[in-house]
């Protein structure tokens, strides 16, 4: 069993989930959370987060833990967020985090598919007021994104179970959202959006 993608449009999300299940990317509990807090469509794009997160050896094992989410590709889908040219690149990744844990995040890591952990690129995390921590300007094609890992470097003894926000839901998982654009227009903003913004989100569980 893997993950579920959810918002208030439960029927639509269940349909999306069935597509993900076909490639081993979707399962779990149907819940709704206030993430991401952006005016964007939480529908299927060519990109997904695999359900099993992993812990890798960190660059400083005595000080930090390293937890990673792997990007997968959905090879069959429909709808504007899947088919439009603007959705064929992955621009941004966000993780839903607990406000009290902000100072526990040392860095984001990006590990390209097939590369050794020693080749990890470390980036300074960016936060917004809605408990999203984000890396942007990725501009990954499907080929570049497939198998790439997005990692959280957390100061010990913090684990991703403690770091991630679940809004009271049971289970040990993180919410991760994938965006086709760097922008996050707040839900109540009256700004006119000139392109379709897509932001499916996924639950990813730490493997034993």
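Glycine too: its Cβ is placed from the backbone N, Cα and C atoms.
As annotated by Swiss-Prot, signal peptide applies to 1-11. Among the features that Swiss-Prot reports, N-linked glycosylation site is placed at 89, 119, 131, 139, 146, 188.
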Taking Cα atoms as reference points, which of the glycosylation sites 89, 119, 131 is nearest to residue 139 (N-linked glycosylation site)?
89
Given the glycosylation sites 89, 119, 146, 188, which one has the fewest other C-beta atoms within 10 angstroms of its C-beta?
188
To the nearest Å, how far is the Cα of residue 89 (N-linked glycosylation site) from the Cα of residue 146 (N-linked glycosylation site)?
11
Which of 131, 139, the listed glycosylation sites, has fewest other Cβ atoms within 10 Å:
139
Look up residue 146 (N-linked glycosylation site) in the DSSP assignment and report helix, strand or coil.
coil
Taking the Cα atoms as reference points, how far is residue 188 (N-linked glycosylation site) from residue 131 (N-linked glycosylation site) in Å?
17
List the Cα distance (Å, whole number) between residue 146 (N-linked glycosylation site) and residue 119 (N-linked glycosylation site).
17
If one measures from the C-alpha of residue 131 (N-linked glycosylation site) to the C-alpha of residue 119 (N-linked glycosylation site), what distance in angstrom results, rounded to a whole number?
29
